[in-house]
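What TrEMBL records for this protein:
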TRANSMEM  6-26  transmembrane segment
TRANSMEM  38-61  transmembrane segment
TRANSMEM  73-91  transmembrane segment
TRANSMEM  112-135  transmembrane segment
TRANSMEM  147-167  transmembrane segment
TRANSMEM  188-208  transmembrane segment
């Protein structure tokens, strides 16, 4: 297989990781609707930073660390608490008493949005499974047949795929928000809260099975 085809393959792999509906995409959309473009963008950048750290962890051989039960339990606990808090915030925005208050918040905290995205990235078991499972295996196969420099280039390619999807999602939410009524935005917030709650319950079930 030609090198440029492999490079594109890893970009698509990055898009495949980012595209499915998950805690990160839901939070990016929620922030975009309630706090505006900057907060939404910062959540995505925080998530991308977390992905970079996970990628470095793979290259440093930290995959075995994720097999330790104590580490897995800690990640699930952090993920459950974080998703529950985000769920609460989503429902709080959805059920504001005055419709006039359902606008972009004036108190935007880029740092808080960035840290939220970062924590979702590194404490999301689904993301960890992908990085240390699917991508870790792909990278191992790649390094066996190609140079280290090309392996690094492909690692950058997957990050590029993540970045492109995040950019697409942020701009889509930003421009489509102008076409939404208050009731539509409220409905989206409720659905986002339900999805986040569903992920929290799923992680709780996985944690229960892990402990037993």
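Each position is counted from 1, following the chain as shown.
Note: Cβ is positioned from N, Cα and C throughout, glycine not excepted.
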Checklist line | Same-chain residue ranges lying at least 6 outside the transmembrane segment (6-26) that approach it to Cβ under 8 Å | finding: 43-44, 47, 79, 83, 86, 117, 120-121, 124, 126-127, 130, 135, 138, 142, 146, 153-155, 157-166, 169, 192, 195-196, 199
Checklist line | Best-contacting stretch, by C-beta pairs under 8 Å, relative to the transmembrane segment (73-91) and drawn from 38-61, 112-135, 147-167 | finding: 112-135
